[in-house]
Amino acid sequence: MLLYVALGLLVHLVFFASIFDIYFTSPLVHGMTPRFTPLPPPAKRLMLFVADGLRADKLYELDEDGNSRAPFLRNVIMNEGSWGISHTHVPTESRPGHVAIIAGFYEDVSAVAKGWKENPVEFDSLLNETRYTWSWGSPDILAMFAKGDSGNHIFTDSYDASSEDFGAHDVTKLDTWVFDHVKEFFHAARNNQSLLSKLNGDRIVFFLHLLGIDTNGHAHRPTSREYSDNIKLVDKELKEIEATVKDFYGNDGKTAFVFTADHGMTDWGSHGAGHPLETCTPFIAWGAGIRLPQKVSAQNFDDSYLQEWKLENWKRQDINQADVAPLMAALIGVPFPLNSVGIIPVDMLNTSDLFKAESMFTNAVQILEQFKVKMTQKKEATLSFLFTPFKSLSDTKQANILRKARYYIKQKKYDEAVSLCRELIDLALRGLAYYHTYDRLFLASNVVLGFVGWISYASLLIIKSHCNLTRGVSTEAKNPSRLLPYTFVAIGLFVALLLLIQACPWTYYVYCLLPLPIWYAVLREIPVIQGFVTVLLAFRPWCFLGYLLLFILGVEVLVLSFFYRCTLTAGLVAFAAWPLITPLWTRAKRTSLSWILFCFLLAVFPLLPVVGREPDIFLVVGAGLLVLLLSLFVVTSVIKRNDSFINEELVLHLLQMLSIVLSVCVVYGTHKSLLEKQGLPLLNQIVSWTILASSFVTPLLSPPVLFDRLFSILLASMSTYLLLSTGCEALFPLVLSCLMFVWIHLEQETLQQSAVSCKQKVSTIQFACNTDMTQCRDLYLDDIRRAFFLVFFLVTAFFGTGNIASVNSFDPSSVYCFLTVFSPFKMGALIMWKILIPFVLVMCAFEAVQLTTQLSSKSLFLMVINISDIMALHFFFLIKDYGSWLDIGTSISHYVIVMSMTIFMVFLNCLAQMLTTKKLSLCGRPKSHVT
């Protein structure tokens with residue numbers, strides 16, 4: 001069993017990682033020459049303001065009284081500068097957003113997993129090219145751009161990381177700290193001759209990172225008064241900073257100002273995916289080199305924002321987030337960041353037409369150089385007869401376009417030059433994408449081959465273990481050909497040689513060679529395949545077709561549930577009818593009625609709103625009280641049923657009930673404290689972490705009798721789950737567990753009515769009595785149903801709690817009982833455990849089903865993995881890296897979630913076995929039980 005688990009885990013980890021090599025590898029190349037506009041720049045210095053987590057609509061819209069939340073910036077839009085929406089890319093996180101703004105390129109999705117605070121790949125940025133840069137703000141962001149500063153020209157001033165507290169009384173202090181320190185900086189510079197001489201130079205950037213809005217959004221939601229007040233504060237301070245800078249430089253007109261955001265935020269205070277609320281950020285520029293507002297009578301956009309914001313008469317110029325970097329570089333005359341893929345929005349420039357044309361020409365040459373380096377790298381790493389160049393941009397065409405653009409500039413045909421350069425940039429970017437995805441089809445084919453091979457191998461293992469299909473097969477056919485291993489070794493050596501000649505990365509060897517041993521193992525089972533085909537041919541065609549269509553329908557329902565959560569409701573309603581169409585209804589009517597009731601109750605949860613609803617702490621308290629009532633009923637019934645109910649078990653139940661009471665009190669107290677802006681009480685925090693730690697131990701103290709152990713696991717899980725809940729999702733594990741208990745009893749009934757003998761009742765079965773291999777039986781169609789039920793319940797365990805298949809669907813406020821200071825890894829781990837708790841409950845119930853049905857856990861587990869892999873293969877083909885960013889982010893999330901479920905099932909299976917079979921003694925007195 002361990003061998004199969006290890007092999008399956010390895011294969012699925014490779015499949016999981018493959019999408020990041022196939023679809024989302026780093027776009028960076030090195031070896032280009034810095035390029036800058038060969039004309040005097042319009043500005044000597046630039047102030048960059050990045051309001052972390054600021055949504056475009058919240059800045060531009062008018063409040064309920066018809067007033068702007070940001071009157072200073074609205075005045076800039078109408079009288080002083082240019083404005084629009086900056087469209088960000090997935091992932092909408094702080095680090096990728098700042099990289100796009102300052103370095104001009106988009107991080108691949110996998111980079112987020114390689115390092116949260118610092119980019120794992122060296123890159124060039126606008127700040128590297130400046131004479132001096134001064135920056136203020138969060139240590140996480142500033143350190144990323146100061147790293148590797150060999151010239152000692154990037155200066156940072158940041159507050160302590162512990163200041164980023166979601167539960168603080170006033171998180172606007174993060175922004176006031178920045179503005180106060182900037183004002184003090186300019187005031188002190190008047191009396192510091194060394195600093196004054198530096199500030200009077202050119203090519204200077206002042207970078208102000210403002211984290212308060214993002215923190216308020218996470219803590220109170222973007223629709224809150226706190227979020228709006230923070231916007232007003234930033235607007236007021238911006239006005240004062242502008243006045244301070246202009247006064248310091250004597251109103252010399254050489255300062256450019258840029259205000260934008262790294263990402264937006266959903267209504268429930270999360271970000272990371274591709275919803276328009278996350279990808280639409282404000283962009284406002286004014287000062288030296290920036291065009292004044294343009295009044296227009298009509299504008300055509302796909303949205304209705306202009307009318308909603310009352311800005312339809314001021315020209316809106318939308319840009320991509322990466323376009324900000326080349327714009328800032330052109331304004332202060334520094335080289336464009338080497339890896340920038342941004343395009344200068346020349347319509348925003350208030351410069352000569354010559355300057356615009358030269359800037360666009362430089363932009364085109366800078367991007368073209370990346371294309372050339374990328375093409376050279378791919379050509380050198382590919383055999384000449386296999387290399388297919390990007391035909392739309394040959395060397396000849398490159399030279400002709402550059403020559404023609406230069407000719408237009410000399411002839412003062414600047415508009416034609418700009419248009420031609422845009423065409424070249426478009427072709428170069430398409431060429432970069434072509435070479436970036438050059439190996440995609442090859443790698444994807446190998447991964448699909450491995451997927452299909454693994455599914456086939458797992459299916460053969462199940463069939464071989466429980467069906468004697470080789471009885472009618474000849475002895476010669478039973479022994480595979482001796483040439484088979486040599487054939488696969490030869491193929492492997494040939495593939496490895498081809499990869500070696502082309503100097504491919506080591507991951508290519510994994511993707512290309514992994515299918516070989518898998519398919520070798522499949523072909524070794526030719527006799528089983530022949531026997532299985534013989535059995536299938538013996539089936540009546542219409543019967544076989546019916547079962548096949550039913551299986552396909554079941555898998556498609558699971559796939560569809562990732563797009564429409566209501567599909568789970570339909571599935572649970574269909575599940576409710578299961579006892580009615582089987583003899584279960586007549587044999588166990590009371591149990592069947594309970595099944596129908598809890599199926600309908602669970603079917604309600606996928607219809608409830610996804611995360612983003614307002615917290616309802618009274619529902620959490622209500623869920624805790626229901627658990628306590630159920631606990632009292634169970635304790636009473638157990639005492640009546642078992643005269644030998646000893647004090648140790650009673651103490652354990654009372655301790656777990658006390659844990660539930662403490663959880664309810666902590667949730668209520670923390671919520672009240674945060675509403676009053678008094679922060680997270682230390683006592684509540686200590687109790688929360690203690691309950692979390694104890695929840696892993698207390699189930700192991702309960703007796704290994706099936707019902708007692710499962711109920712102890714439920715109480716331990718609920719004590720933690722309540723601390724991580726903010727609303728009606730607190731009721732979900734309770735309803736799910738009740739359904740699981742009924743499922744176990746129904747499966748016992750189905751076994752009793754089948755040909756399999758069942759000697760034990762559910763109430764007497766002990767988890768410690770693991771099914772011996774000699775007790776394992778042959779497979780029945782009911783076993784496939786059981787495996788499908790498990791996968792369906794696991795999917796329901798994820799979506800039923802209000803999650804959606806997106807990385808932005810997790811509410812950060814659910815961890816506030818444990819911590820409020822920003823800590824992405826701790827918060828992520830807690831949220832992940834909240835997601836896994838319903839999974840653990842389902843897997844523990846499945847352990848009981850395996851035990852009561854006397855089927856090998858290996859076979860049932862392999863069936864479950866196969867169903868999950870078929871789903872994963874669906875989503876592998878549905879992954880997109882084109883179209884809207886919402887579609888791209890959703891397609892990635894779907895595959896990541898289903899593959900994570902498959903991988904986690906291996907760990908959850910081990911965790912469930914530990915929770916159900918291990919036994920500790922509360923008083924150090926070991927309990928004797930069968931092992």
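Start at 1 and count along the chain as shown; that gives each residue its number.
Even glycines carry a Cβ here, placed using N, Cα and C.
Positions annotated as domain 'GPI ethanolamine phosphate transferase 1 C-terminal' by TrEMBL: 430-884. Confidence annotation: the domain 'GPI ethanolamine phosphate transferase 1 C-terminal' (430-884) carries a mean pLDDT of 83 in the model.
TrEMBL lists 441-463 (among others) with the feature transmembrane segment. Packing against the transmembrane segment (441-463) from elsewhere in the chain are residues 4, 8, 11, 14-15, 18, 21-22, 469, 508, 511-512, 514-515, 518-519, 521-522, 525, 528-529, 532, 779, 858-859, 862-863, 865-866, 869-870, 872-873, 876: each is 6 or more residues past its ends and has a CB under 8 Å from a CB in it.
What TrEMBL records for 506-523 (among others) is transmembrane segment. Long-range contacts of the transmembrane segment (506-523) within the same chain, counting only residues at least 6 positions beyond its ends with a Cβ under 8 Å from a Cβ of the stretch, are 11, 14, 17-18, 21, 439, 443, 446-447, 449-450, 453-454, 456-457, 460, 480, 484-485, 488, 491-492, 495-496, 499.
Taken from TrEMBL, the feature transmembrane segment applies to 535-555 (among others).
Positions annotated as transmembrane segment by TrEMBL: 593-611 (among others).
According to TrEMBL, the transmembrane segment annotation covers 617-638 (among others).
The transmembrane segment feature in TrEMBL is assigned to 650-670 (among others).
The transmembrane segment feature in TrEMBL is assigned to 682-701 (among others).
Here the transmembrane segment (730-746) has Cβ contacts under 8 Å with residues 579, 584, 588, 591-592, 594-595, 598-599, 601-602, 605, 619-620, 622-624, 626-627, 630, 706-707, 710, 714, 717-718, 721-722, 762, 789, 793, 796-797, 800-801, 837-838, 841-842, 844-845, 848-849, 852 of the same chain, all six or more residues outside its ends. What TrEMBL records for 730-746 (among others) is transmembrane segment.
Taken from TrEMBL, the feature transmembrane segment applies to 787-807 (among others).
Cβ atoms under 8 Å from those of the transmembrane segment (827-848) belong to residues 692, 706, 710, 713-714, 717, 720-721, 724-725, 732-733, 736-737, 740-741, 743-744, 765, 767, 790, 793-794, 797-798, 800-801, 803, 810, 812, 814-815, 818-819, 857, 860, 901, 904-905, 908-909, 911-913, 915-916 of the same chain, restricted to positions at least 6 beyond its ends. Residues annotated as transmembrane segment in TrEMBL: 827-848 (among others).
Per TrEMBL, the feature transmembrane segment maps to 860-880 (among others).
Taken from TrEMBL, the feature transmembrane segment covers 892-912 (among others).
Recorded stretches compared: 535-555, 593-611, 617-638, 650-670; the one with the most Cβ pairs under 8 Å to the transmembrane segment (860-880) is 535-555. The stretch from 535-555, 593-611, 617-638, 650-670 that makes the most Cβ contacts under 8 Å with the transmembrane segment (682-701) is 650-670.
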